[in-house]
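Some features that Swiss-Prot has for this protein:
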- 184-239: ATP binding site (BINDING)
- D310, E324: Mg(2+) 1 binding site (BINDING)
- E324, N326: Mg(2+) 2 binding site (BINDING)
- 148-357: domain 'ATP-grasp' (DOMAIN)
Amino acid sequence: MTKLRVGLLFGGRSGEHEVSIKSARAIAKALSVDENASKYEILPFYIQKDGRWLAGEAPQKVLETGSPLLEAEQSTSEGNLTSNPQVQTLSKWESPSQVAQVDIWFPVLHGPNGEDGTIQGLLTLMQVPFVGSGVLGSAMGMDKIAMKMTFEQAGLAQVKYKAITRAQVWSNPCVFPKLCDEIEAALGYPAFVKPANLGSSVGIAKVRSRQELEAALDNAASYDRRLVVEAGVVAREVECAVLGNDQPQASVVGEISYDSDFYDYETKYTEDRADLLIPAPIPDAIARQIQDMALQAFAAVDAAGLARVDFFYVEATQEVLINEINTLPGFTATSMYPQLWAHSGVSFPELVDRLIQLALERYSPS
């Protein structure tokens, strides 16, 4: 049987570059075991932090070591940009020849330029199937403002929020105090200030005072031109995984327990800082409500293949509030998404196989 050549695309121009490598290593391992090994051939492609694509030995080395390439290694890697300085000024990257050999793409790129619709647009232009959401679903799942507006239209309950632009924060020192007044009046304290288009809690701050609010807005504006401020809520953080295309399934519900003030980047990716409770110790009726809302959110943003949907469970009032949808969640062996499916009866290798089959199904014109 002819093997399907899977283009495993990882790294990227993002603050989540290292997380992408971890996810890609886990997926490569899953593609190399048992039945998957007889069906799939892995063609790894590594996108450097400057945006250049590498194929051949370089990405294989990154997968083996789990570490980004050093600058000295990048300059001599196979598939790198031509050494002609005039060409370098014209194009930031050139496509390695191995791109033409790919039967299906498996992008494992987290954050901007990876799960925001940009790479999905490129893969769509290639007219080759790829795992995950398309341009629309990816873009909607990345931009927190567009996402929240969509959830609102879908009738999904969520925390109060206010959308802000960088111009409002930086343009006029006379306008900024009024903006802070409006935020305080609408949301109160504590509140969370977030860049609209970054993942893994990068640039997010919890604020409890005017001074902290001003500093957090200034910091978030350095990451993104679109910002969102959310009202704080005393709640448990629970998550549900979704798998499928037009008839998706929801996993069991899991809960995140952590020892920090909120689930920030350090807590997410530092060992033993957070515990995953699967299934979450919540009432069955609440779990079913979360699963239903996860499927509604998946459909609302036009997601495909996979997504992890995050919620707040306000135990005191029995309310469930949707927080966000992540259309390309972390995919290490210990990440919440594969763990939720493992507890739902789908092993990691089987999950990877099903995602590839879902991508082929979605691409098929029938």
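Cβ from N, Cα, C; glycine included.
Feature annotations (Swiss-Prot) mapped to structure.
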residue: E184; record: ATP binding site; DSSP (3 states): helix
residue: A191; record: ATP binding site; DSSP (3 states): strand
residue: L198; record: ATP binding site; DSSP (3 states): coil
residue: A205; record: ATP binding site; DSSP (3 states): strand
residue: E212; record: ATP binding site; DSSP (3 states): helix
residue: N219; record: ATP binding site; DSSP (3 states): helix
residue: R226; record: ATP binding site; DSSP (3 states): strand
residue: V233; record: ATP binding site; DSSP (3 states): coil
residue: D310; record: Mg(2+) 1 binding site; DSSP (3 states): strand
residue: E324; record: Mg(2+) 1 binding site; DSSP (3 states): strand
Original post:
So for V233 (ATP binding site), how many other CB atoms are inside 10 Å of its CB?
Top reply: 15
**OP:** Taking the Cβ of E184 (ATP binding site) as the centre, count every other Cβ atom within 10 Å, in any protein chain shown.
**Re:** 15
Subject >> Neighbourhood of E324 (Mg(2+) 1 binding site), C-beta criterion under 8 angstroms, separation at least six >> reply: G141, K144, M147, V309, D310
Subject >> N326 (Mg(2+) 2 binding site) and V233 (ATP binding site), Cα-Cα, nearest whole angstrom >> reply: 20
Subject >> binding-site residues compared (A191, L198, A205) - the one with the fewest other Cβ atoms within 10 Å >> reply: A205
Original post:
Among the binding-site residues N219, N326, which residue has its Cβ surrounded by the fewest other Cβ atoms within 10 Å?
Top reply: N219
Original post:
Just counting, how many other CB atoms are there within 10 A of the CB of D310 (Mg(2+) 1 binding site)?
Top reply: 19
Subject >> Average pLDDT across the domain 'ATP-grasp' (148-357), rounded to a whole number >> reply: 92
Original post:
Cβ-Cβ under 8 Å from E212 (ATP binding site), same chain, 6 or more residues apart: which ones?
Top reply: A205
Original post:
Of the binding-site residues E184, A191, L198, N219, R226, which one sits closest to N326 (Mg(2+) 2 binding site) when you measure Cα to Cα?
Top reply: L198
Subject >> Other CB atoms within 10 A, centred on R226 (ATP binding site) >> reply: 19
